[in-house]
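Engineer: The annotation domain 'EngA-type G 1' is assigned in Swiss-Prot to 4-167. Positions annotated as GTP 1 binding site by Swiss-Prot: 10-17, 57-61, 119-122. The feature domain 'EngA-type G 2' is assigned by Swiss-Prot to 175-350. Positions annotated as GTP 2 binding site by Swiss-Prot, on the basis of sequence analysis: 181-188, 228-232, 293-296. Under the heading domain 'KH-like', Swiss-Prot lists 351-435, citing sequence analysis as support.
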Amino acid sequence: MVLPTLAIVGRPNVGKSTIFNRILGERVSIVEDTPGVTRDRIYGKSEWLGKEFAVIDTGGIDLGDEPFLAQIKDQAEIAIDEADVILFLADIESGVTDADERVAQILYRAKKPVVLAVNKVDNPERRQDIYDFYSLGFGEPYPLSGTHGIGLGDVLDAVLAAFPSEDKSVEDDSIKFSLIGRPNVGKSSLVNAILGENRVIVSPIEGTTRDAIDTKFEAVDETFTMIDTAGIRKRGKVYENTEKYAVMRALRAIDRSDVVLFVINAEEGIREQDKKVAGYAHEAGRGIIIVVNKWDTVEKDNHTMKDFENLIRQEFQYLDYAPIIFVSAKTKQRLQSLPAMIVAVSENQTRRIQSSVLNDVLMDAITVTPTPTVNGKRLRIYYMTQVAVKPPTFVVFVNDPDLLHFSYERFLINQLRQAFDFSGTPIHIIARKRK
């Protein structure tokens, strides 16, 4: 059963992201004292008094004429539709504003339980001003200080009381994957095309998607959690504090992923920054699928795809294990193949090989290509065993670990790939001296 869901809603700059972070106990939203900085909704999971629930942080609702603010409003309304309870946040410093009243009108139409909280009540003297917020029509307003965490317990008590009575949490065994790549390679458009719902703000402005958004969906009889990350920016261009934090958070999203979709813009080709972006996922040992997006915009002949694939293999030699797929978020070309590919790579990440079978392959490999000699001393490999998954990790017991040159280690990895299906996942080999 789906967890009960709380959506935090309010006009810009009332402290929604601060409260969201307080509830989750970790910094998930990007907090900056600028209206509109929380550009998209974010999902998280929390617990209060033994009850688990999901939390949605939204961009500020603003009914101004700016197209970007209209998109934020749309995202907030989607979050409202998905929520069981709405936490309507205002702030004591501004008092009841016209924007608060317009937000209230949206919430009246939602016909969902609403808990009204007034943020920035950082000292007792300010509590007397809270009664002005009764005029919003949602009953007793709860005083709250996001900065100090004061009053949050009372707010969460009210939220839990308003949740539906069912309390059946579900263990998350979904396949988690993220989309990484330079800004403006089309990650958000890919997310929308895969989901068929505008869950992520799509804009031609580079760097629009600042946070990682967790979204569950089902396909090919599997449950997936998709984490859409902010584009990783060139170091010289990352000058805003918010963008710097978004890069950090994108890397954390990679750490949370089982599989990473590394997205390249077919129009722009391969850039130096692409290599650094892919390196993050490779070094983290994640499963990787290379997704060439905007393929519909490229003029093609019979050799175009093969030539582009060869270029990728040349520029990303360390990703020789990663499958490549050419797609178009706009036309949805080949997107139907992605879920099955993700499942296959996830299975390969967790594949375990029996030691007896493993050592048969090892002995055959040594017979074909004998171990090298270094300074007159030959490497002797006695046996191999698998010690971990995600990524598959093998220990080879040898007479001297220093004799295992990286070229022979690479040979052994290639032999494992030929014998077993490890497509999409790196393989680690550790040499240990036999005692």
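Any Cβ shown, glycine's included, is placed from N, Cα and C.
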Engineer: Please list the DSSP helix, strand and coil residue counts for the domain 'KH-like' (351-435).
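Structural biologist: Counting residues per DSSP class in the domain 'KH-like' (351-435), I get 31 helix, 24 strand, 30 coil.
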Engineer: Rounded to a whole number, how many Å is the Cα of GLY10 (GTP 1 binding site) away from the Cα of TRP295 (GTP 2 binding site)?
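Structural biologist: Roughly 40 Å, rounded to the nearest whole number.
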Engineer: Neighbour count first, Cβ atoms within 10 Å, every protein chain included; then name which of ASN13, THR58, ASN184 tops the list of binding-site residues.
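Structural biologist: In terms of Cβ crowding, the pick is THR58.
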Engineer: Non-local Cβ contacts of VAL121 (GTP 1 binding site) (under 8 Å, 6 or more apart, same chain)?
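Structural biologist: Counting only residues 6 or more apart in sequence, the Cβ neighbours of VAL121 (GTP 1 binding site) under 8 Å are ILE92, ARG127, ILE130, PRO143, LEU144, SER145, ILE150, GLY151.
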Engineer: Take the Cβ of TRP295 (GTP 2 binding site) and count every other Cβ within 10 Å, whichever protein chain it belongs to.
Structural biologist: 22
Engineer: Rounded to a whole number, how many Å is the Cα of LYS16 (GTP 1 binding site) away from the Cα of LYS187 (GTP 2 binding site)?
Structural biologist: 26
Engineer: How long is the line from the C-alpha of TRP295 (GTP 2 binding site) to the C-alpha of THR58 (GTP 1 binding site), rounded to the nearest angstrom?
Structural biologist: 33
Engineer: Mind looking up the mean pLDDT for the domain 'KH-like' (351-435) in the predicted model?
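Structural biologist: In the predicted model, the domain 'KH-like' (351-435) has a mean pLDDT of 95.
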Engineer: Anything within 10 Å of ASN13 (GTP 1 binding site)? Look among the binding-site residues GLY181, ASN184, LYS187, comparing CA atoms, and list what you find.
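Structural biologist: The binding-site residues passing the 10 Å Cα test: none.
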Engineer: Of the binding-site residues GLY181, ASN184, LYS187, which one sits closest to THR58 (GTP 1 binding site) when you measure Cα to Cα?
Structural biologist: LYS187
Engineer: Please state whether DSSP places LYS16 (GTP 1 binding site) in a helix, a strand or coil.
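Structural biologist: The three-state answer is helix.
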